[in-house]
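According to TrEMBL:
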type     : residues : note
COMPBIAS : 120-133  : compositional bias 'Pro residues'
COMPBIAS : 219-233  : compositional bias 'Low complexity'
COMPBIAS : 234-251  : compositional bias 'Pro residues'
DOMAIN   : 18-108   : domain 'Fibronectin type-III'
DOMAIN   : 138-230  : domain 'Fibronectin type-III'
DOMAIN   : 257-311  : domain 'Fibronectin type-III'
REGION   : 1-21     : region 'Disordered'
REGION   : 101-136  : region 'Disordered'
REGION   : 219-252  : region 'Disordered'
Amino acid sequence: HSTAVAAEAEEPPQSKPVLGELRVTSVTPNSVGLQWSVPEGPFDSFTLQYRDAQGQPQALPMDGESRWVTVLGLSPSRRYRFHLYGLRGGKRIERVSIDVSTGEGEEPEEPTQPSEEPQPEPPQTEAPPPEAPPARAVLGELRVSSVTPNSVGLQWSVPEGPFDSFTLQYRDAQGQPQALPMDGESRWVTVPGLSPSRRYRFHLYGLQGGKRIHHISTEATTAPAEPEEAPQPSEEPQPEPLQTEAPPPEAQPVRAVLGELRVSSITPNSVGLQWSVPEGRFDSFTLQYRDAQGQPQALPMDGESRWVTVP
């Protein structure tokens, strides 16, 4: 007992965080989904490194709460090696790696029906009581929440659930199939890298036990290309929103304020940005910039976001 007391008094250094196995959660011809655990932690951030089809190194920074990522823009039938680094105090202190081959060719034009993809039932560790079988999960309407020349924001609800995960499928401007896996808590997604003034069809699948059990679809047309220069806020005065009911005088909402926009990471192909909200709250954020070709890009985010990686 005296040894334990002495050890507590000395305040031993924090244990070294440990990365669990890096596993594949999904594979399409153009993307790979990866997942990992943190048996001992925490980490401040993660960085996923790999080489693209042209052999160029790519790095994807993520915050320390991340446990999965989808790597888009890959080539079909190609083997990739992914390295996941765990960072603390700005230092790489742990790494796990995995080799993954992307799928072959294109995916079917129309979404595959569940009956064409029989999946084994997940093993039941404990049979549910007969009087309360699990309800079949149901997806609500798939709605368009935002549109820019280069992106579409989508939103959905889950009236009955839950789902283990979701997959959004669509075809890009070149007609190539794309798939974006998401976890079962997701209720919205922003699809970047689209072309202006183009109509896209999106299919959202809800999965349970590795099986697609429900799907909903919608169509959206991206906005026309933006003008050469983005107007300054002073040039575009916005009317105050109409108040249907005046808030009580003692509870006037504080004006939301953005903190400093800081660079959190830089790679040859991406920039990580971070910001704070010292006062109030915002409904959403939009990051605007011009790409290497001088084309304006806009990336919408929800109001809880505090960082973004621009790939």
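For all residues, glycine too, the Cβ spot is worked out from N, Cα and C.
Per DSSP, the domain 'Fibronectin type-III' (138-230) is made up of 0 helix, 50 strand, 43 coil. Secondary structure of the domain 'Fibronectin type-III' (257-311) per DSSP (helix as H, G, I; strand as E, B; remaining residues coil): 0 helix, 31 strand, 24 coil.
Taken together, the residues of the domain 'Fibronectin type-III' (18-108) have an average pLDDT of 86.
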